[in-house]
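Working notes for the structure below.
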Amino acid sequence: MRAVILISGNGSNLQSLIDNARKIDLKICSVISNKEDAFGLKRAERASIRTHFVDPNLYESREGFDKQLITMIDELDISLIILAGYMRILSSEFINHFAGKILNIHPSLLPKFPGLNTHRKAIDAKEKYHGATVHFVTEELDGGPIISQEIVEIDFIDTEYSLSQKVLKKEHILYPRVIHWYTQNRLKLLNTECITLDGKIL
Ligand code: GRF
């Protein structure tokens with residue numbers, strides 16, 4: 001299945017998708033970043049994937065920037081948009097244009113800890129467990145229907161950094177697994193609250 005991946009940074013999730021692409025029937029047509037120095041762009045280039053940096057400073061509004069993304073992505077004729085550490089809020093227009101086709105991975109056990117600094121928040125809240133979530137993207141930030149999660153235990157010696165590494169390791173297994181379901185047409189977003197896997201409501 002043809003897909004585009006949006007990134008803003010290191011791109012370790014992108015790397016796991018590059019490494020698993022053949023196995024999960026994923027054709028990464030392009031990697032787009034809103035940050036020129038995102039290391040993920042280098043990872044994509046190394047894998048001979050087309051890359052684009054779209055400079056937010058050239059657009060007056062979020063809507064203007066996202067319109068440019070919509071035009072670029074429409075030209076690619078893809079069936080899936082994968083957010084992999086993409087640190088910009090998407091406009092309603094973008095989300096509605098690609099409704100049911102956008103997946104995101106978030107470093108917490110949603111609905112706990114949406115937004116930023118999730119590892120810090122989990123430690124401060126003295127949680128026993130933490131993890132990562134893959135969900136469909138809807139207009140509610142980090143609030144779209146949850147598809148699947150991976151859990152890690154928080155040890156008393158864990159720091160924000162050690163916890164982030166533990167969670168990332170799980171993310172690299174979780175995201176390819178869920179994307180494979182999607183590329184096999186097993187996953188569907190019915191409405192903003194409801195998804196099915198193999199026709200059964202999750
Ligand atoms: C991951 O923790 C992901 O859950 C979040 O941003 C981080 C991206 O990491 N959305 P990387 O760029 O894939 O290494």
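Cβ from N, Cα, C; glycine included.
Curation does not apply to TrEMBL; its annotations are automatic.
Annotation source TrEMBL lists domain 'Formyl transferase N-terminal' at 1-179.
Feature annotation from TrEMBL assigns N(1)-(5-phospho-beta-D-ribosyl)glycinamide binding site to Gly11, Ser12, Asn13. With a 10 A radius on its CB, Asn13 (N(1)-(5-phospho-beta-D-ribosyl)glycinamide binding site) counts 24 other CB atoms from all the protein chains.
His106 (active site, proton donor) falls within a strand segment according to DSSP. What TrEMBL lists as active site, proton donor is His106.
Residues or ranges marked as site 'Raises pKa of active site His' in TrEMBL: Asp142. Of all Cβ atoms in the shown protein chains, 18 besides its own fall within 10 Å of the Cβ of Asp142 (site 'Raises pKa of active site His').
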Residues lining the N(1)-(5-phospho-beta-D-ribosyl)glycinamide site besides Gly11, Ser12, Asn13 (CB within 8 A of their CB center) are Ile7, Gly9, Asn10, Leu14, Gln15, Ser16, Gly40, Arg43, Ala84, Gly85, Leu168, His172
Which of these recorded positions (Ser12, Asn13, Asp142) have a C-beta closer than 6 Å to some atom of ligand 1? Ser12, Asn13
Please report the distance from the Cα of Gly11 (N(1)-(5-phospho-beta-D-ribosyl)glycinamide binding site) to the Cα of His106 (active site, proton donor), rounded to the nearest angstrom. 14
Quick note, Asn13 (N(1)-(5-phospho-beta-D-ribosyl)glycinamide binding site) and His106 (active site, proton donor): C-alpha atoms separated, nearest Å, by 11
Would you count the other CB atoms within 10 A of the CB of Gly11 (N(1)-(5-phospho-beta-D-ribosyl)glycinamide binding site), including those on all shown protein chains? 23
